[in-house]
């Protein structure tokens, strides 16, 4: 399905939906193809979140820790950061390759690498083996940008918002499974079998302790966390087979030509006929990276990076602050309570993104939705000291209300990721550079995701330990980042970068 194109004298502020050539009703999505990509993304999410329940315990059992629990956080951080570092190094190369040989072979190759990585993780019994398996996972995460490129190519301006809205649903389901595993691992004995039955991963850690008759072989004692890894890999293999058999190559469609008004140093726009080169003279030659570094791409990726930074900081702080004692600025919640709250959030967020984001994008425009998603992060940060104040006063109902409002704000902030993909996909100079554009965005955001949570956690600890601004210094820094993000978001057009062609 080729994208709808704009004709005539338009500029980069032209709304996607006001042109007469754009259907008044959204074009029907290719549901079968979107479902296949949904299943791949769900499997990726499941693998990504499947290690969260037992990672700290696994690290604690490593000889390198030597029984010192204070080292667990450090080594866990090394394992997590290695994934994002490898992703940052390789993502661009995988996505550029997809521009050259097609999306499907790169998607399947990366997906198989991710499956292998979770198997090797379950078989790892040393720090460096764990780090290498996570590096393999990160190195094969090029499928993330490729999958988003395929959704962009399967949709047009009338239904692209609906197409991208399925991704948060899949990711939230995988996240919910991860948090329920977290609940099950921490408080398995306190939960009923019915609670865990929909999510098989919740009971699979250390099976030799739970079902000694069934898992009596010494293998399970040597590798107590292999079974949840195997379950995640089995689900992913099913998605891999479906994709290999039925997923269609999306680069078979005619090239998408884009046009942008050039902005001179004095702010004036040069005529609408000033176009970028859509295709190179040699279609088999990879486009140079500098051909992608145009103003729409740079602005879109900068906004993606800022949203990732402020959103990931909020996501990292929520379980940390909620588990911290009231005396030190937290809520002193038990792990089971945090897990149940976050698993409920995962279900709600997936439904919210799918039901409301396309309507919000069509009614208000993706730029306004994106600005709102950045601004609402300030509300998330504000809730932390208010929750602590309410917890100190003993008002449990007020704490729960504030937690609900905080998670609702977090869900609203998540709409920004779907919004920014509309800008990134429409910013690509040509269809043959779409993968490179997505890969560049993934590379930049991988760095932010590696740094953001660690920096937020460190700032929180620094603020509390040194009592800077009453322990609230971390939130002041994050408010400043939100302000910077809003300034960057102001550079986006209201709807999307104008698509034009002849």
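Keep in mind that glycine also has a Cβ here, set from the backbone N, Cα and C atoms.
What TrEMBL records for 33-495 is domain 'Major facilitator superfamily (MFS) profile'.
Here TrEMBL flags 1-23 as region 'Disordered'.
Same-chain neighbours of the transmembrane segment (72-94): 55-56, 59-60, 62, 64-65, 106, 110, 127, 130-131, 134-146, 289, 436, 439-440, 442-443, 446-447, 449-450, 454, counting only residues six or more beyond its ends whose CB sits under 8 Å from a CB of the stretch. For 72-94 (among others), the entry in TrEMBL reads transmembrane segment.
If you look up TrEMBL, you'll see 106-124 (among others) marked as transmembrane segment.
Per TrEMBL, transmembrane segment is recorded for 225-247 (among others). Long-range neighbours of the transmembrane segment (225-247) within the same chain, counting only residues 6 or more positions beyond its ends whose Cβ lies under 8 Å from a Cβ of the stretch, are 32-33, 36-37, 39-40, 42-44, 46-47, 50-51, 53-54, 58, 104, 107-108, 111-112, 114-115, 118-119, 121-123, 181, 200-201, 204-207, 215, 219.
Marked as transmembrane segment by TrEMBL: 292-318 (among others). Distant neighbours of the transmembrane segment (292-318): 12, 260, 263, 276, 342, 370, 373-374, 377, 380-381, 384, 406, 410, 413-414, 416-417, 420, 423-424, 426-429, 433, 436-437, 440-441, 444-445, 448-449, 451-457, 460, 474, 478, 481-482, 484-485, 488-489, 491-492, 497; these residues of the same chain sit at least 6 beyond its ends, with a Cβ under 8 Å from one of its Cβ atoms.
Taken from TrEMBL, the feature transmembrane segment applies to 338-357 (among others).
The transmembrane segment feature in TrEMBL is assigned to 369-386 (among others).
Look at TrEMBL and you will find 398-424 (among others) tagged as transmembrane segment. Distant neighbours of the transmembrane segment (398-424): 148, 152, 160-161, 164-165, 167-168, 296-297, 299-301, 303-304, 307, 310-311, 314-315, 318, 322, 331, 341, 345, 348-349, 352-353, 356-357, 360-361, 366-367, 369-370, 372-374, 376-377, 379-380, 383-384, 386-387, 390-391, 437-438, 441, 492-493, 496-497; these residues of the same chain sit at least 6 beyond its ends, with a Cβ under 8 Å from one of its Cβ atoms.
According to TrEMBL, the transmembrane segment annotation covers 473-492 (among others). Through the fold, the transmembrane segment (473-492) approaches residues 299-300, 302-303, 306-307, 309-310, 313-314, 317, 367, 370-371, 374-375, 377-378, 381-382, 384-385, 423, 456, 459-460, 462-463 of its own chain, all at least 6 residues removed from its boundaries and within a Cβ separation under 8 Å.
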